[in-house]
Structure formats: C-alpha cells, structure tokens
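Straight from TrEMBL, the features:
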type: ACT_SITE; residues: 193; note: active site
type: DOMAIN; residues: 150-296; note: domain 'Pseudouridine synthase RsuA/RluA-like'
type: REGION; residues: 1-22; note: region 'Disordered'
type: REGION; residues: 368-400; note: region 'Disordered'
C-alpha cells in the first residue's frame, strides 16, 4: 500500500468516526430520555391510591392531592435560563412564585434541584409538584353493559371525561373503572365528548382493540345516537352531506366548509314536545363533532350544546353555514374570549403546559360554559392513565386530543358551599364517606384559598347520547336517558 493510499484510508476512517459521533449522541439522548420517562411519576398502580372519592350534592369529588407535572424541554427553550422560560411561557404565577418553587426544590430539572439561573439543555425533564384540585363530575355510576375476556362496554354518564385531561384525572372513566372495578390496562377503541353520555367500548387486549378499530375505520360499524334539538325538526329522513372542516385543532372547533372532509349524517325525528325534538342520528362517517356541526348547519342545534348552539357563530348561529361573516381567525379569537378556561388552548392532561394552574383572572372568567373533549381519527391506544400511546378512532361526535376540558366550577366566595356542612354518602367500593381529615391544604396553593360553587345538574349534561353500536357479529345498546322521552321538558331538571 502506497503512502497516498494509507493517508486516504486513515482519512476515511477518521471521517467515519466523526460521522458516528452524532449517531452516538442521538442514541445516548434517546436512552437518557427513556430513563427519565421511566422515572416519571404516575405510571404504576400507585397512581390509583394518590387520593380517593367522596359524594356530595350529587357530585363525585376528589380530595386534593400532590401531583408532579412533567414536560421535556422544548427546542426554543434550550440555552435559556429556567426562570426566564417559566416567567414567559407559563402564565399561572408571577416570576417570584417560580423562583420560590425552584429554590424550594419543587420545580426540578431531571429530578434534581437547580439554581434559578440554570440554562436548559436538550432532553431536560422539567417537573413541578403541585397541590392538585380536580373538578367534580356527576355521581351517577358507570354501568357495565357487557364484559368478557376481550372487551368491556360501559354506559358513560355525561360530564365524565374518558381519560385524564386538564383538571380531570381520578374523575375519569379509566380511573374509575380501574379503582372501582379493577379494570386496568384497557385500550380505548373510541371516545365520547365529556358531556356526551352513552356507549363506550374498551378492548382488553391489543388484538381486540385493533380488530374493532379496523371495523370502525372500514365503516363496518353502524352507530345510532339520540339527541334533543331546538324547535320542531322536519318529518322524514333528513340527510346532511355537508363537508366538515376543522377550524382549530387547538381548541377543537369545526364548521361546514367546501374545504372540509366529506361526511354524511342521517336524521329522523322521533317526537316533538312543543319546544324541542327528539332526533335519531346515524353518522355514516366519523368526523370530529359531525352530528353537532350538521345539526347546527340544519338550524336545529342540540338544545344545550355550549359550543355549536351559541351566537358566537353569528345571529344565525351557523345555520346554513352563516357564521356572521367572521374569518376563522376571528371565530377562534371570539371563542377563546367567551370560553376563557384553562384547557381551551390545547392544554392536555398530565404533561406539557398543564404543569401549572391558571391565573386568578382565568379562573374568574370561567362561567360554566363547557365545551367538549377529545377524539380524533387515529389508532387505538391503551387507556391506562398517562398513557403516551396514539389516539383512538372517532365515532363521529368527538373532538381532538388538544382541546378543552374546562372547569365546571365558578369561584364565588358568597355562594360557596362548605364541604363540612353537607351530608355525604358512599362514593366508591371502599365505603368511605366524606372525611375532613383527608382534605389537605397547601399554603402556596391558590385554589385552596378559593371557595367554589358546585355545578348544577343541567351544567353536567349535553342532550346527545351514544345509543347503539352494531358491527360484524356484535351489537350493544344502552338504556335511554330521561331527557330522551318525547314528553320530557327542561324544567324537569329544576
């Protein structure tokens, strides 16, 4: 081998070695990230014992508990001081509060205490320990419609989210099933909006979940919903084939638009009580909020739909696609202003931007107008709390992963109800009634200093119910809610 060839060989080997360094760094970073994820709290059965339930005023409530929110450093934060990032990116507290948390060691990096001038690096895991208050939901039980070795089918009451999101964790279907029925590691096949009641299917194995998902994707599943709409719905079979476009994935709102995806829903009036109509809905496709958007377009919105039956869509409230000439940007801006609650801006669950509480002004602005939460067209996922798996498929009336699970509570010192002055009943299989000793407080927790007014029964429901699902070789249905009776009137809630 000549000297020239040797030089060339050495140069080639050096170049290969240099090229391998970034690969090694990437592998190392992935391993470090995996190790940090494994250390994140809330991924074991211990999460079910963080707190417990009690029943009060017909509501399922959760004792406040300490919880660690986590998020990995975002690219735009790298190289910046941790205090500067939190003062700018998170509006929950003033910079002085974040400074206190960092110095106290409750706001950490990679689970280690750092100085306030620490500069963030790639893959840094930020964790913040908070005193967590959950939002109450209805005390109506989740009933089992069918259960075998492969599948669990339940009748979900309105107001209970399917999975942890925003201010809901233990007050979710997956947590309640795990804690009260010992049904763990379920896989969501589809989801329902938080305010929608009805059939909810879970796979007990990945194979069954994939099978059911395949059937839904291939439109082998016939779905029937019942709703109550404003006014007298027309007679006969009414078909709406208007395409639906997602205006904002961030807040989960859609509208009829030529730029949207094709979809079809058929409607049939079942009865009219002089003010509102009970309508059978059959979505033939599975677009986000499909039933609700099509009913809005037809001019017969769901009676108490807090989103699509609102004049934020203009004087016509979206009938015939008329949203008052607003641009998409203006519509989203107006919606955010009206429904100014902590989880409207894509804040989801136990990670990312939900690490901190909303500012006092944000809480004061919550007026009990709650929007729906969660679904998008994706794949089945494990329903274990905090799961980071992909999303489930849509059954036609759900909204995306990044939307709102807004608070039902309104701070009101004058109208607050003292928890110690109310008789409470058994809430879970544990047999525990309300116990003042379990009501923890934290001197730095804003919510501990605020008294809340309980939501009213009518705030906990939307008149839309998933009634029947039928697929190849299987069929499930639930009992109908009281409001689905033709002669039922709104004043029966009072």
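Backbone N, Cα and C atoms are what each Cβ position is placed from, and that goes for glycine too.
A TrEMBL annotation is a machine prediction, not a hand-curated record.
Note on the domain 'Pseudouridine synthase RsuA/RluA-like' (150-296): its mean pLDDT in the predicted model is 95. Per-class residue totals from DSSP over the domain 'Pseudouridine synthase RsuA/RluA-like' (150-296), listed helix then strand then coil: 28 helix, 56 strand, 63 coil. Cβ neighbour count for residue 193 (active site) (all protein chains, 10 Å cutoff from its Cβ): 29.
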